[in-house]
Amino acid sequence: MADQLTDEQISEFKEAFSLFDKDGDGCITTKELGTVMRSLGQNPTEAELQDMINEVDADGNGTIDFPEFLNLMAKKMKDTDSEEELKEAFRVFDKDQNGFISAAELRHVMTNLGEKLTDEEVEEMIREADVDGDGQINYEEFVKIMMAK
């Protein structure tokens, strides 16, 4: 996972990590993790932090070493990338930029992609993704359906 990071990213993470490794023993406490991540432009919730800590702190000693931290950051960066890609994809479908994908917009994009769909197929795709039943797909619904793939 961490091997997907650039040298530049690694040194940026090392710098941030070192700032919070007060005693220089190569470990930061789980409490400090949130502060480090926020300094790197991530904005994890308390619940996310707890999940990350449980995931990373393999020996359960309450501290995170730099290799563990790198793996964690690599994973977060990957998640952030795919979130950006999803937003971009949603914008492509949402032709009028009103925050919703209508049946007409879905049909238009699918046709441009070479997918000739019947009205029934388009309606079925909308129904599948349309959690709140308003006949169109909002961003949350779009993310849910895309992440399920």
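Glycine is treated like the rest: Cβ placed from N, Cα and C.
Of the residues Glu88, Glu105, Swiss-Prot places Glu105 in the same Ca(2+) 3 site as Asp94, Asp96, Asn98. The 10 Å shell around the Cβ of Gln136 (Ca(2+) 4 binding site) contains 19 further Cβ atoms across the protein chains shown. Each of Phe93, Lys95, Gln97, Gly99, Phe100, Ile101, Ser102 belongs to the same chain as Asp94, Asp96, Asn98, Glu105, is absent from that list, and has a C-beta within 8 angstroms of the C-beta centroid marking the Ca(2+) 3 site. Cβ packing within 10 Å was compared across the binding-site residues Asp23, Glu32, and the lowest neighbour count falls to Asp23.
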